[in-house]
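Peer 1: Just dropping this structure here.
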Amino acid sequence: MISDGDQLFVGSQNFDWRALEHIHELGVLIRDAQVTGAVTRMFEMDWLAAGNAEAEAGSTHEGRPADAEPRAGYGSSPDTAPAQFSSWNVALSADDTAVVQLSASPPSRQAGLANDLETLVGLIDGAEREVVAQMLSYSVSARGLEETALDDALRRAAARGVHVSLLVSDWQADSASRIETVKSLAAVPGIEVGMSVVPEYSGGYISFARVEHCKFLVADGATTWVGTSNWGPDYFESSRNVGVTIHSSEIAETVRQTFGRSWSAPHTVHVHPDSTYTPRIHREEAPAGHRMYEGR
């Protein structure tokens, strides 16, 4: 989300009341015009890319026709990508700054944003001691697509002595292929996989809620990636997502503590290669014998 051209929020939240009260989310707010400008470029190009369908309905954005040319300086091809949009020093306080980088999937090089998948692989490959990561779901194949780059990177990290901890939600068990994927990872020495099973709300069943939905990675307690992508090929190849990489031990410590609380929570189970995990019902209607929450 972009506000007034100088504030950017990137996080796992959908715009839904459940995200505020009944889903564990994580986001980052950046108050910096240059960083915000890079994502604004991508938004403008995405808006124009959707222009054909909107033009039929006469849609406009800020009074501009849907088929209008990009604003001056926004660019429309890789040849016009602004090279300066790569990394920025952003103030954390009067005495401290952090280096911030942006990435997108699919890649948006026209806007100067790096490849989100390549960014994550690079962070994992660069880790020397520890990688912790959390997301709703983790997969190497989805919707006819297959991509093992992240899976391979996690295995490489473990092979060189990096301790890897991966936390997913119980939605992972909804798919036989997804649960087998993390069971395979859990069999690798040096890799631990946890699955969060958040209890149903005491006030009744809430559809598509009560779940870990954060999407982040922390490498070596120094670098943090916060994004909107679950880790699967459909997210990296066929839907628009944005990631923010922050080089700051202070930020990394805060996010690492967030991970630790979820990892050690009583409703988190550790995934074992030889165990069976029963899918949990996630749908609009309450399961048989459960009452629906009526607070909204």
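A Cβ is built for glycine as well, from the same backbone N, Cα and C atoms used for every other residue.
From TrEMBL, here are the annotated features:
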| type | residues | note |
| --- | --- | --- |
| COMPBIAS | 59-70 | compositional bias 'Basic and acidic residues' |
| DOMAIN | 208-235 | domain 'PLD phosphodiesterase' |
| REGION | 54-80 | region 'Disordered' |
Peer 1: For the domain 'PLD phosphodiesterase' (208-235), find every same-chain residue at least 6 residues outside the stretch whose CB is under 8 Å from a CB in it, and list them.
Peer 2: 10-13, 18-19, 22-28, 103, 105, 116, 119-120, 123-124, 126-143, 145-147, 150, 167-171, 196, 198-201, 241-249, 251-253, 255-256, 258-259, 262, 282-284
Peer 1: Using DSSP, tally how many residues of the domain 'PLD phosphodiesterase' (208-235) sit in helix, strand and coil.
Peer 2: 3 helix, 12 strand, 13 coil
